[in-house]
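For reference, TrEMBL has these:
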SIGNAL    1-24  signal peptide
REGION    23-75  region 'Disordered'
COMPBIAS  23-69  compositional bias 'Low complexity'
DOMAIN    87-183  domain 'Cytochrome oxidase subunit II transmembrane region profile'
TRANSMEM  113-134  transmembrane segment
TRANSMEM  155-176  transmembrane segment
DOMAIN    185-327  domain 'Cytochrome oxidase subunit II copper A binding'
REGION    332-394  region 'Disordered'
COMPBIAS  372-383  compositional bias 'Low complexity'
Amino acid sequence: MGMRGFAMAAGLALASLGGVAGHAAQPASTPTNTPAAAPAPQAAAAPGGVSNTAPTTSAATPTANPSSPELAMDGAPAMTAKPMIGQPTDGLFGLQPQVTKNGQFAHWMHNSILVPTITIISLFVLALLFWVSFRYRKARNPVASKTSHNTVIEIIWTLAPVVILVLIAVPSIGLLQAQFKPAPSGAVTLKAIGNQWYWTYQYPDNGGFEITANMLKEKGEVAAGERARTDADGPALLATDNRIVLPVGVPIRLITTSNDVIHSWAVPAFWIKLDAIPGRLNETSFTIDKPGLYFGQCSELCGARHGYMPIAVEAVPPAEYAAWVRAKGGTMPTPGKASDKVIPQPGADGSAAKVEEAAETANATGPVENVTTAAPATTQGATSNPAGAGNAGL
Ligand SMILES: [Cu+2]
């Protein structure tokens, strides 16, 4: 890939980052915060009998003695939303406070490089326009000048934009590369699966338990007996019935895929926006710096209820994460042993599709009578996506 390819990639990266910035400024409800201890949202009843809503799997094993006072009776941290953290805020614009290294770098690049550059160029061009309109107006120049070339100024107005673009490209390409860095060994794997219109989550390194997260509806919208959103759950349209929990300071390997159409798992405070594509695994990694409650949304137009499949993540210290995993019936990987399990790519040996294919081949061969030679074992491989050629990152 030549320089032109790099420049295009950088441009695309900037465009997608712009999308994240826009996301932060979307209208949302007033950031309400009730400091009073509220029951953990997970503890309440799951909604039932509602179309487009997945049955929740909140059947957590209750623990008699939560190991931390911050944990509610079901072992889930009783965390409430804080103003301006992990959610959009009325009347503000700009990016949400970032809690990952890439996010902090991107935030710095946006505020210290991109915005000043754009501002200076815009003001400079505006000043030139005013100057030309005033200085070279008809009243002052009854006889128009016939000047048509000036080599020096032509070189300047060609080279200056090139230099500016190259200077912006340097940090931009570094950020693009960092955003797709594979997780180191010992990372905690979170698999986010998009569905029309809710998210399911799996923790393959922690016993593979599954969490289903549906949006919480407002008080006036719920059926009798159904759980409605409270301020402790988070802002309207962003609060979920089941939150997912991730450890702070530990690398997270995020894997996204989908059961139906293309979704996108996006949490602005993490600087993460990763498409969830059916039949494909996308992967990236990040490390959360600060404990807190962070909200996001599906960010790929995925159908009628695209705007109603929010993401709510509680970031907690590793010990609390371990307690939560145990409360959900999961297990922690053996200490010192890398938990970077290789998850088979679609089409690879051991993947669900391959196992199914093998079973079908066996059935097709079937029991054969009166045949002395064994039926040829057909090893019909997926030719379009050979094992090992799957792309985990891009
Ligand atoms: Cu979606």
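Cβ atoms here come from the backbone N, Cα and C positions, even for glycine.
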Practice problem: Please work out the helix, strand and coil residue numbers for the domain 'Cytochrome oxidase subunit II copper A binding' (185-327) from the DSSP assignment. | Solution: 22 helix, 64 strand, 57 coil
Self-check item: Secondary structure content, the domain 'Cytochrome oxidase subunit II transmembrane region profile' (87-183) (per DSSP, counts of residues)
Solution: 64 helix, 0 strand, 33 coil
Self-check item: Mean per-residue pLDDT computed across the domain 'Cytochrome oxidase subunit II copper A binding' (185-327)
Solution: 92
